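Encoded as structure tokens, the structure appears first; notes follow it.
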Amino acid sequence: MKNTSSSTTLTMNDTIAAIATPLGKGAISIIKISGHNALNILKQLTQKQDFTPRYAYVCDIFSDGVLLDKALVIYFKAPYSFTGEDVCEIQCHGSPLLAQNILQACLNLGARLAKAGEFSKKAFLNHKMDLSEIEASVQLILCEDESVLNALARQLKGELKIFIEEARNNLLKLLASSEVLIDYSEEDIPSDFLKEVSFNLEKQIASFKDLLDFSNAQKQRNKGHALSIVGKPNAGKSSLLNAMLLEERALVSDIKGTTRDTIEEVIELKGHKVRLIDTAGIRESADEIERLGIEKSLKSLENCDIILGVFDLSKPLEKEDFNLMDTLNRTKKPCIVVLNKNDLAPKLELEILKSYLKIPYSILETNTLNSKACLKDLSQKISEFFPKLDTQNKLLLTSLAQTTALENAITELQNAKSHLDTLELFSYHILSAIENLNLLTRPYETSQMLDSMFSEFCLGK
């Protein structure tokens, strides 16, 4: 049978190296080396023997005696480094070929090519970062939403870890109290014990739910708000899309049915990611391809968050307009009614349109041919439908694993609250909640914490 523990230990003892900067040409590339042999490799690369930790040196870089580059190098002595091991950084000129050659020189001198995320894994296993900080560092790299940056930076600093540890300590105190009362059942349970425990549980559950609700809302925001542009043929849908993109993305033509499929683009409006979906004109059509496009248009309405219903202000309402309004009413989605072509004499019966619509809506008169003015007006209207999230001083769950662990912890605390009259069951659910919280930061043996916690309690407390 394979010894997994031994294999992991051998792998963790390896000295690893990798290029830390993205592929491509730039001002600099960074090669990182981590492990017990990192300093020795750096000495051989530079033909220099003395390095003071945390000092930057400009050194020639050699491979088999051949000069490769003049680079900036820094040595971080264990345990005062990102991984907790000896770490060396080589900041060379930003040629991909040069960086690869220096990396290959590191490998020739005994380093192993690092696996994806292995530097962070070393940091975690060497207790330099916990799971929540690892998650935050990944999401910070991937983040496209400015409003989330502060929450991720605070999580990287360790604020989520502090929040979870405080909650865990509170639950351990409750668990210790209940265990004492179980072991000494002849002692009378204090009359205010159950009331105090119930209050503390409610308070803890509420704080967890607040974190969970904010994280779920932010997750939806990160996906982007889906905005479908619908209307009858030639109402100006594609012109509207082009105006919002400030480019000719969709084909504009006087011929009905030009747009036969949905076109999707992503833009940013007032700090929010918006997925724009231009749809085929909604009408009755005998053309099979156009009909399939119309079906996709209707499907997009089911999955979108906001609808832009485009009407031609220069023409009276027609059957296709009323069919569109029937469709909008069925979706029950918030809608911005865009009255296009306001540069022409208005003929659309606005009061009839207002009375016909039964959904939340706002009205915007515009001219899609004036792209900048149209975009400015639309941005303001669309932003009114965005949910207002207060991101200041908020913590954030950044993965499905974290969300699931907290959801399970909440369920266990609710179960504990419903079993206050049976301390054995109460203790079981509190312990399960603690074990789920462990998954958010760092798993450890709860019994060790309990031993420490129990030592602070006296009989009757």
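Cβ coordinates are placed from backbone N, Cα and C, and glycine is handled just like the others.
The (6S)-5-formyl-5,6,7,8-tetrahydrofolate binding site annotation in Swiss-Prot covers LYS32, GLU89, LYS128, LYS461 and rests on sequence analysis. The feature domain 'TrmE-type G' is assigned by Swiss-Prot to 224-387. Taken from Swiss-Prot, the feature K(+) binding site applies to ASN234, SER253, ILE255, THR258, supported by sequence analysis. Here Swiss-Prot flags 234-239, 253-259, 278-281 as GTP binding site, drawing on sequence analysis. The Mg(2+) binding site annotation in Swiss-Prot covers SER238, THR259 and is backed by sequence analysis.
Known features from Swiss-Prot, placed on the structure.
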residue : record                                              : Cβ within 10 Å
LYS32   : (6S)-5-formyl-5,6,7,8-tetrahydrofolate binding site : 22
GLU89   : (6S)-5-formyl-5,6,7,8-tetrahydrofolate binding site : 21
LYS128  : (6S)-5-formyl-5,6,7,8-tetrahydrofolate binding site : 18
ASN234  : K(+) binding site                                   : 22
LYS237  : GTP binding site                                    : 30
SER238  : Mg(2+) binding site                                 : 25
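Over the domain 'TrmE-type G' (224-387) the predicted model carries a mean pLDDT of 75.
Secondary structure at LYS237 (GTP binding site), taken from DSSP and collapsed to helix, strand or coil, is helix.
In this structure the alpha carbons, written CA, of LYS32 ((6S)-5-formyl-5,6,7,8-tetrahydrofolate binding site) and LYS237 (GTP binding site) are 51 Å apart. Taking ASN234, LYS237, SER238 as the binding-site residues under consideration, the smallest Cα distance to GLU89 ((6S)-5-formyl-5,6,7,8-tetrahydrofolate binding site) is found for SER238. In the three-state DSSP assignment, the secondary structure recorded for LYS128 ((6S)-5-formyl-5,6,7,8-tetrahydrofolate binding site) is coil. LYS128 ((6S)-5-formyl-5,6,7,8-tetrahydrofolate binding site) sits 60 Å from ASN234 (K(+) binding site), taking the CA atoms of both as reference points.
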